Amino acid sequence: MKRARPSEDTFNPVYPYDTETGPPTVPFLTPPFVSPNGFQESPPGVLSLRLSEPLVTSNGMLALKMGNGLSLDEAGNLTSQNVTTVSPPLKKTKSNINLEISAPLTVTSEALTVAAAAPLMVAGNTLTMQSQAPLTVHDSKLSIATQGPLTVSEGKLALQTSGPLTTTDSSTLTITASPPLTTATGSLGIDLKEPIYTQNGKLGLKYGAPLHVTDDLNTLTVATGPGVTINNTSLQTKVTGALGFDSQGNMQLNVAGGLRIDSQNRRLILDVSYPFDAQNQLNLRLGQGPLFINSAHNLDINYNKGLYLFTASNNSKKLEVNLSTAKGLMFDATAIAINAGDGLEFGSPNAPNTNPLKTKIGHGLEFDSNKAMVPKLGTGLSFDSTGAITVGNKNNDKLTLWTTPAPSPNCRLNAEKDAKLTLVLTKCGSQILATVSVLAVKGSLAPISGTVQSAHLIIRFDENGVLLNNSFLDPEYWNFRNGDLTEGTAYTNAVGFMPNLSAYPKSHGKTAKSNIVSQVYLNGDKTKPVTLTITLNGTQETGDTTPSAYSMSFSWDWSGHNYINEIFATSSYTFSYIAQE
């Protein structure tokens, strides 16, 4: 029977071999080989071992490849010729290398660690030391934090001293003393002399009458009797009535008018002057005037018109001014005064002791430069040539800000003064009625050239409504109306003409209600529409542009190139907006 060559992938070393496609050979034989693990048929028909490095066959026997340092001893055991040596703290046993350790080193969870006790601790895988004031760590060194008078000098803790404390040559802290203080007994003491003494460790003062110590304040004072007192810590004589002291502290008799001291004869005498006479007795000398001695020997007074003698409730007589209160006069305390009625008042004095009478004015009135009372005019009111109050005086129109109806070139669209802007703002209560148109006189818009399809103009105002110099409109052509021209003097306030900040907030972004969008016509031709966009308080300003408080911008846009070679001139457009008040 011819055996089939087995497939290498399905090798079965048990004989007889099965064919790849036929049925198994019957009867089955049970050879001593039952597993292909470790065996192979190589060459074909020969059973051999399947080997891998370092196993080989040598002289028909299984052998082991050995590299440098390996050999077999006489008993056939595999040995190593390289002997490992160690040094402390490493220790070699029969089959291991160990690390010899002692405290504070220990092995925890198969890792070498350091056992630490306070103040040492392990934090962040680092052995560190806990410290408490005054100990501290500075520049990675343990140090002591000091505060005066303690300090560190030359690496040593030292004490800073100042007089009277000092240190001796033996580095001993001591105190220096000057008389009456002494340290002769080894302690700080005082040298005493009568009447100062010590008792129970306290200083005392020996004293006798009239000196005594008060019970409440323990203060040494002087006991005083009648006629003597203590004034401002000084002992002095008590005086009353006409007795007093002169500038040198001498006691003296104080005298008033009619009396004087005769210092030569040291006597008190009667001293009188006119109209008194004291030759022998005191008399009153009377001259010409209202004073006289009446029949009862009393001093009396003569009086005439405008004066009268008033008898008081106690029957005393008083001379008073006889005035008529019905004629605008009155008494103000003790003075005659004008009884000012409604419409009159006293103004602030312009000079000392003056308080002029003036007219009291209310709303709608004021004083002019000539101190005359005139009506106070508000916006829109003025005087005409006859001096009457009028509304909307064309020669002094404070209700209209404009550029005049036929201005010279006054603004820039692309270049300086390349266009004429006609802008009229008329105040109508809380609304501003406005009219705008523009005419290009030179540049790329006169006529329209190239791809130009828009024109823009921005006017900016400060917080007082005054036109800023960085506007596209020249301030020289912008003022209140005066006839068909403008005022000759620049205005200083026109806030009432500005767009309302609450209705049109000042922002860099345009809001819907801040824009007025409509259509005008080029040269008034209805077949040539131009879109006009008016933006209130919405202009964008860069860092090099003076910020504005209020603003208006005008943009004219058209599509296509149908307007090339046309002069840019728009029809007038009228609009309104809410005014700032």
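The backbone N, Cα and C atoms fix where each Cβ goes, and this holds for glycine too.
The annotation region 'Disordered' is assigned in Swiss-Prot to 1-23. Annotation source Swiss-Prot lists region 'Tail (penton base attachment)' at 1-44. Residues or ranges marked as region 'Shaft region' by Swiss-Prot: 45-392. The region 'Spacer' annotation in Swiss-Prot covers 393-398. Here Swiss-Prot flags 399-581 as region 'Head', drawing on similarity to another entry. The repeat 'Shaft 1' annotation in Swiss-Prot covers 45-59. Swiss-Prot lists 60-75 with the feature repeat 'Shaft 2'. Residues or ranges marked as repeat 'Shaft 4' in Swiss-Prot: 96-109. Swiss-Prot lists 125-139 with the feature repeat 'Shaft 6'. Here Swiss-Prot flags 140-154 as repeat 'Shaft 7'. What Swiss-Prot lists as repeat 'Shaft 8' is 155-170. Annotated repeat 'Shaft 11' per Swiss-Prot: 201-217, in sequence order. The repeat 'Shaft 12' feature in Swiss-Prot is assigned to 218-232. Taken from Swiss-Prot, the feature repeat 'Shaft 14' applies to 249-265. Residues annotated as repeat 'Shaft 16' in Swiss-Prot: 280-296. The feature repeat 'Shaft 17' is assigned by Swiss-Prot to 297-316. The annotation repeat 'Shaft 22' is assigned in Swiss-Prot to 387-392.
Long-range contacts of the repeat 'Shaft 7' (140-154) within the same chain, counting only residues at least 6 positions beyond its ends with a Cβ under 8 Å from a Cβ of the stretch, are 129, 131, 133-134, 160-161. Long-range contacts of the repeat 'Shaft 17' (297-316) within its own chain (CB-CB distance under 8 A, at least 6 residues past either end) are made by residues 284, 290-291, 322-323.
Each residue of the repeat 'Shaft 12' (218-232) gets a DSSP state, and the totals for helix, strand and coil are 0 helix, 7 strand, 8 coil. Computed over the region 'Head' (399-581), the whole-number mean pLDDT of the model equals 91.
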